[in-house]
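One structure below.
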Ligand SMILES: O=C(O)C(=O)C[C@]1(C(=O)O)C=C[C@@H](O)C=C1
């Protein structure tokens, strides 16, 4: 796919690139622009999340010749983990040995139903032919702006379908739902159908770009629908200390935030300002094996912020676990993070550090 901009950095650094799930106007694109607003960054859309990982891993770039990053969705507040990303982080085939997470981005996600207005009667905002909202707790938050009887199929990303289940269940009953690689790809496909029978669930920006009509606004099940993205970089070297505005070789643009603070009563060392991600496996048949691992975090006073698991694909019904916690290996004055890494060495079958970064929660 083509780059968003081929513009090289004017101070001579021509290799500042960021890969994200395209096409343009996807939510991933919006998150990437938030994290990398400077025009020196060449934003490169990819067809899949895996391709973002592939490009970051294979970038032949060093700190002296430039930078190459990737932005991938990690989890949504309504629908949960993005398994495509977790699968790549699991790295079962050891394809991404050098990739780490170095920052995060929170994006408010508002989905629109986009397509073509019905041929007749002319589009009207009169709700007389539009089903009314019910007051049940699982009822959709929005209703269509026009009748939808001309819609035969709806394209979207599986995550977006999951985040709009109430609306789809109520107003698109019997309509074929087709999963595609991103919401902006869905908008492209809806726009390509000249009969007007196709619609997309996507962002407003993607609809505007493709010249689609708005059939319904803000159809997400929850008003606080938010997706958290990871910024990936290559390089597993251990740098000394993260300072706001400068994380290792990555220089996060100032976003008016300095993390969630820290240094509060519960955390005199400010560990809340950072997050760290690790993955591990445990001996499957031993009772309490997972509890032993979690106990290490408790023992070191490290607060967990997320836990995920995936099939290990070594044996059926055995799992690879992911734990995220507050703290950083780059700023670890009391060695709690280093200490827990030593513990993991002892109590897990194998484990891997997947990055430490500035905690952006609360500063969105
Ligand atoms: O489809 C897009 O626009 C994406 O960027 C992907 C993605 C995801 O995988 O979670 C990103 C944010 C939304 O939660 C829905 C879809």
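Keep in mind that glycine also has a Cβ here, set from the backbone N, Cα and C atoms.
Unlike curated entries, TrEMBL annotations are predicted automatically.
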Report summary line: The residue range that TrEMBL labels region 'Disordered', out of 97-119, 120-142, 143-165, 166-188, is 120-142
Report summary line: When pLDDT is averaged across the domain 'ACT' (278-358), the result is 94
